[in-house]
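Asker: Here's the feature list from TrEMBL:
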BINDING   109, 172, 204, 235, 378  UTP binding site
BINDING   205  substrate binding site
């Protein structure tokens, strides 16, 4: 209940008494804000204490053979009749803090339609509901929202009231951006409007551990008999509950119980910047490109030396998260992310990544999964792929069409005229047939009529001032189309 009474709180952090930041709270937000500032203070202290690179390059080794298991080996084990028992120990957690701005959409990215008018969130709910109905289980869905997505997400959750999925939410923290030169927070008060609209940020998905614990939801789920969470980005359409990995988790003997599984997959040239697993100080550790000394960046990008990358599909023990949080033993490297605010001010934001905590858990393991478990939709080019006949949709899950001869995904690169979802939709009267496509590049003012078929390598380039309309029913196979081709209504 809001009252007129305000509490002023001083955050001393490492700024000293002369640089006290005084922020004004209402009682209803005081407790949450205090936890946020306690978390930020710890992160900021660590940031000031860390000097030099976070890894000593000569100490990096390839992981031992048995620390990254091939998925085929795990999938070869027969599944038990008691799958329902295993599923009832599981919670699905989706990282839902991101906005759809990179695709030209307002609001949470999870509410963008990706297939047959279904949003990312719709597909997630359908997947879990299918499991719960098929096995008569109670697998809940937990959404980690940010202050950017929480309000819109909660409004939309009402539509799932009659689905067979319990849905919980909690919010990740809200931290202040820091002036790059002075290292002082640029926020002047706790508000989110006016001058303060862009001075706060959600501090990366590594914040999941503290925020989950602080919300009380982690303890609630443990009390309900839940043992593991399956965490993934909500925009990774390949991240569905895998019964083979779940069985592998719960079937381990107690002393060797695996507390953390990271799904990795083989690197291609498109993935050279992705984080990889290494052996460091006798522990499995995630190495991100931001941690690599400049002299070794090319080596890090090598597909021959570092052959796998992190999909951010993670299976983590709830009990272990609770233990590590209470012991203050969750160790994650700080990612320093420079930004420029609209007014031109240079700031930094301190972040952590959820996978970086792997070294804090006992008996951590990597599983080298098929590429099909990594199907992120980051751009409109990705959206075209998942909307096409390359994939079939069943119970919320996308699978590569059996009609495609090659299991690889075509390389699609749509130009700047297709950056926003709204623009993209006006340029395709219907999604082309792409079953036999290997590579598509489209640049400039290009539109596609109905029932166009694209095969092999297709490159369509409309130069500045030109326009190309691909007529309905066109079949393009290993073709380069350029110049000017306009179709006008008669």
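Glycine residues also receive a Cβ, built from the backbone N, Cα and C atoms like all the rest.
Quick caveat, the model's predicted, so the values are computed rather than measured.
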Asker: Cα distance, residue 205 (substrate binding site) to residue 235 (UTP binding site), nearest Å?
Answerer: 14
Asker: Quick one: pull the CA-CA distance for residue 172 (UTP binding site) versus residue 205 (substrate binding site), whole Å only.
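Answerer: One finds 8 Å between the Cα atoms of these residues.
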Asker: Taking the residues 109, 172, 204, 235, 378 listed for UTP, what is the greatest CA to CA distance in Å, to the nearest whole number?
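Answerer: Greatest Cα separation within the listed binding residues comes to 21 Å.
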Asker: In whole Å, how far is residue 205 (substrate binding site) from residue 378 (UTP binding site) when you measure between their Cα atoms?
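Answerer: Their Cα atoms are separated by 16 Å.
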Asker: So what sits near residue 204 (UTP binding site) in its own chain, CB-to-CB under 8 Å and at least six residues off in sequence?
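Answerer: Same-chain residues close to residue 204 (UTP binding site) (Cβ under 8 Å, separated by 6 or more) are 335, 351, 352, 353, 354.
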Asker: State which of the following binding-site residues has the fewest other Cβ atoms within 10 Å around its Cβ: 205, 378.
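Answerer: Candidates: the binding-site residues 205, 378. Fewest Cβ atoms within 10 Å: 378.
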Asker: Please list residues from the chain of residue 109 (UTP binding site) whose Cβ is under 8 angstroms from its Cβ, counting only those at least six apart in sequence.
Answerer: 98, 99, 100, 103, 120, 149, 234, 235
Asker: Find, for the listed binding-site residues 172, 235, the residue with the lowest Cβ contact count at a 10 Å cut-off, counting only other Cβ atoms.
Answerer: 235
